[in-house]
Amino acid sequence: MSFGLGILNTPTSATYAPLRNEEDHGHARSPSYGMGMPSRPSIELFSSSTLRDDIFKEKQGQLSDDGDEGLDTPLIASATRQGRFVEDGAEEKNEDADDEDRYTELPKAVREVVDMDDDPNEPTMTFRYFILSSFFVIMGAFLSQMGWFRTTHAPFSTFIVAIASHYFGRWWEQLLPDWSLRVGPWTLSLNPGPFGMKEHVLIVLTAGAGAHSNMGEILVSVKEIFYEESMNPMYAILFMWASMWTGFSYAAFARNFLVYNPEIPWPTALQQVAVFKALRGSRAKMQLPKTPTVVSAPVSRHHTPVTARFRGNTPGRAKFTVGTPSPAASPITAASPSPSPPPGFFQQREAAKLRSIQMKVFWVVFLAIFVWQFLPEFAFPMLSSLALFCWFAPRSAAVKFIGSGIGGMGFLNFTLDWSNVTSLVITQPWYVQVIIFIAFMINCWVLIPIAKFGHMWGGDTFDVMSNKLFTENGTHYPFHKIMTPTAEFNATAFEEIGMVRAGPQYMWGLFFQYASYTSALVWLGLFHGDDVWKVLKGQFGGGKKIVYNDKLNWIMKTYKEVPLKWYIILFVISFTINFLLVLKGELYLPWWTYIIALIIGATFLLPMGFVYAVSGFGVHVGILNELIFGYMAPSKHPLASLVYRTVSGQCWYRAATILEDQKIGHYLHIPPRDVFFSQIWGSIIGIPVNYITIRWILDTKMDYLTGKEKDPLNQWTGQTPNAYNSAAVQYGLVGPARLFRHPAYAPLPLGFILGAAAPFLVFYLHKRFPKRKFHLWNSTILFSSMGHFRGYISTGPLTSIILGFIARFWLFRFHHDDIWKPFAYMFGAASDAGFNLNMLFMFLLTSVFHKFKMPHWWGNDASSIERCFVN
């Protein structure tokens, strides 16, 4: 038996209490219900979770107001997901409790950002989706691939895609006619109606899969720039497709652990979700009553009338009594036929107001960063690196070395350039930022001065902060002289020229990179080994498959899962293409090393993917892959080392990004099969564009890339392909066996031992002192950050840790509900989007239209933008 209750609508005096139970106790957020209340001069609306507590207490006879006694006869009622009150039975009560448990299983960060409402009938794969997604993929693939060759470039951000596609989709639905086109068995609608959330998300996910550069660029470009060999266009595109799809197929290994597991948050995915919510919420239009109206509904004669009163000085609390209503109150009677507000009416109105404010904040921050970045990037470069020490002693070499952020230690160096900060100060957990900053301090404030003044690793002979290769006397290493005409190792020439040497920062970077690899494996085994084993056993070993019953996974049960056989088919196609290219000799690899590359890539997927999923920190494994290949097949063509690096690296890099996009789809309730298709579609469109862009640059900028001519803008220097070729010569041509026999390289393998031992120490401390949070002392993040080659740039980290403290510590802990939860992710997304758009404009102004050049002045000094005037 059900009964309805109405509520007096007084928008002019209403305030909104926080969801106390949801945030303090992790209770589920229940739908809103239309509650009938008597007219009072001042009314404070209560949250649905508070209402649930009050009803529960009323059941127990505990709820009273102004001396009213407890209830003799409990009112047995509960709220259903349909937003009605029904006579409760045991089955309904258990269902409601289960729903609450499903919600509280999600991390707090997820509950605060992700909506739990879903419409399974919302359109996804529309004609509009295919047109808009293809447009953004083509544009992004071109810009990203072009930027790979440049010294500086404008990254193509999916935030820009999210914003632009939002408005393009709205214009499409408003301007185009509703025409239909029949193509075989399908009917395509030119205007399928309102531009929905799921259609919008799929456009961005497609861009995430295809609107970027491709690691296959390494082989195509290095082969032609340094070895004067062109790759067949068809083979090049097939190699790019197969390498990327291998990573796609490997996502099947980890999706149950990294996507469906509610304890894996993916902070970068949450930021994307926050952007979608704000964009979609800006379209909410609700018709609100203009005058207070009593909204009532019939009451069953089998129930005692319910009168609701408010305690005047207690915000957000309602007190219920059962019995005959007083004359002063306006009882709910069957004589009031006015319709009730729809379920969730007041929560929707509150959410619409909040989202409107969020969008205003987004656009203010977006425009502010867009305009501001013209200063440090163009008009006032001094803002990018504020070397305070140099202001007091601008002509002191020692002061420059200590305080400069461009070629120095960067001690007490600040930056006002968002490109040196980025939204990681908001998305990365505080403990991760602390670890990264500790690594920076050890790297730049401890090891660099030791190397400089203590002559560690040849610091007195080689440039401490360079990643170039040197001879023993510090001159540039002529690597082409140690290759035969067939580009293989020339032992005789090598003996004459001597060992390949590198700068100290590059050397200890290798040491700590080695440590990060073993640390990732051991850490995952110690802290999450049982979970990983259960996942793998359930997925591939015939064991019981883990099924998560949290709210998100419960919602996603509506949709069909991507079958494992789809991933297997994709892997077989990819393997066949690349294996045939290997047998044909196009990839320079011995066939058995290709298989080992796939195995090694699978080994690192879970540990590296886990680190990235929980922290937003990616561990680079390129050097390890070349090291492994150098031991397996020494003295081979340098391109063989790069191909091995590409194949094995794509297994985890591409799988990680695909899993991240699948997590976004999971958060926003996108059908998994549609997500899978969107990722394949993005790669099909994007990779040919990548190759066309590579071909255009090699045909028009080759003299700049090879160094035959000097680029007046110093942009087409070939810095990135040169770095890959240097590593290939070092590990592929010379080989690690020869390297590690040299005294300078002999200590490097000890990094593997350090990386394997460190997690055991942290694990022991965690077990010995479980309340001290030693499990946050992630050795993998520390070692990988130590291994990050900073080169000549040391500005940014000090400013980042200060902003991170404000955002992820102070605001997150002490202003969580009023500032962090509604605005943090929006601020980060707006900042990155504004920066990316500014970089695109800067590229057009300075590279396409060559007439724009900033004159030199005090804030743009020609000799030193930091005003550290010492060569």
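Glycine too: its Cβ is placed from the backbone N, Cα and C atoms.
TrEMBL labels come from automatic prediction, so no person has curated them.
If you look up TrEMBL, you'll see 88-102 marked as compositional bias 'Acidic residues'.
As annotated by TrEMBL, region 'Disordered' applies to 1-44 (among others).
Per TrEMBL, region 'Disordered' is recorded for 82-102 (among others).
Positions annotated as transmembrane segment by TrEMBL: 126-144 (among others).
With a threshold of 8 Å between CB atoms, the same-chain residues lying at least 6 positions outside the transmembrane segment (234-253) that come near it are 214-217, 219-220, 536, 539, 564, 567-568, 570-571, 573-575, 577-578, 581, 586-587, 598, 601-602, 605-606, 646-647, 650-655, 658-659, 662, 679-680, 683-684, 687-688, 690-691. Taken from TrEMBL, the feature transmembrane segment covers 234-253 (among others).
Sequence annotations record features per position, and here TrEMBL assigns transmembrane segment to 357-375 (among others). Same-chain residues lying 6 or more positions outside the transmembrane segment (357-375) and placing a CB less than 8 Å from one of its CB atoms are 275, 277-279, 281-282, 383, 416-419, 822-823, 826-827, 829-831, 833-835, 837-839, 841-842.
Annotated transmembrane segment per TrEMBL: 430-448 (among others), in sequence order.
Taken from TrEMBL, the feature transmembrane segment covers 566-585 (among others).
Here TrEMBL flags 591-614 (among others) as transmembrane segment. Taking Cβ pairs closer than 8 Å, the transmembrane segment (591-614) reaches residues 246-247, 250, 253-254, 257-258, 264-266, 429, 517, 520-521, 523-524, 528, 532, 575, 578-579, 582-583, 621, 625, 628-629, 632-633, 640, 644, 647-652, 655-656, 659-660, 663, 778, 780-781 in its own chain, all 6 or more past its ends.
If you look at the transmembrane segment (675-698), the same-chain residues 6 or more away from its ends with a CB under 8 A from one of its CBs are 125, 130, 133-134, 137-138, 140-142, 145-146, 149, 202, 205-214, 216-217, 220-221, 224-225, 233, 236-237, 240-241, 244-245, 248, 562, 566, 570, 658, 661-662, 665, 705, 716. The transmembrane segment annotation in TrEMBL covers 675-698 (among others).
What TrEMBL records for 744-765 (among others) is transmembrane segment.
Summarising the annotation, TrEMBL assigns transmembrane segment to 791-811 (among others).
Proximity of distant same-chain residues to the transmembrane segment (823-845), defined by a Cβ-Cβ separation under 8 Å and at least 6 residues beyond the stretch ends, is recorded for 113, 143, 153-157, 159-160, 163, 270-275, 278, 358, 361-371, 373-374, 377-378, 418-419, 422-423, 425-427, 807, 811-812, 852. Positions annotated as transmembrane segment by TrEMBL: 823-845 (among others).
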Rank 126-144, 430-448, 566-585, 744-765 by Cβ pairs under 8 Å to the transmembrane segment (791-811) and hand me the top one.
430-448
Is the transmembrane segment (126-144) packed against any residues at least 6 beyond its ends, judged by a Cβ distance under 8 Å, and which are they?
153-156, 161, 164-165, 168-169, 172-173, 181, 188-192, 195, 199, 202-203, 206-207, 210-213, 678, 681-682, 685-687, 689-690, 693, 840
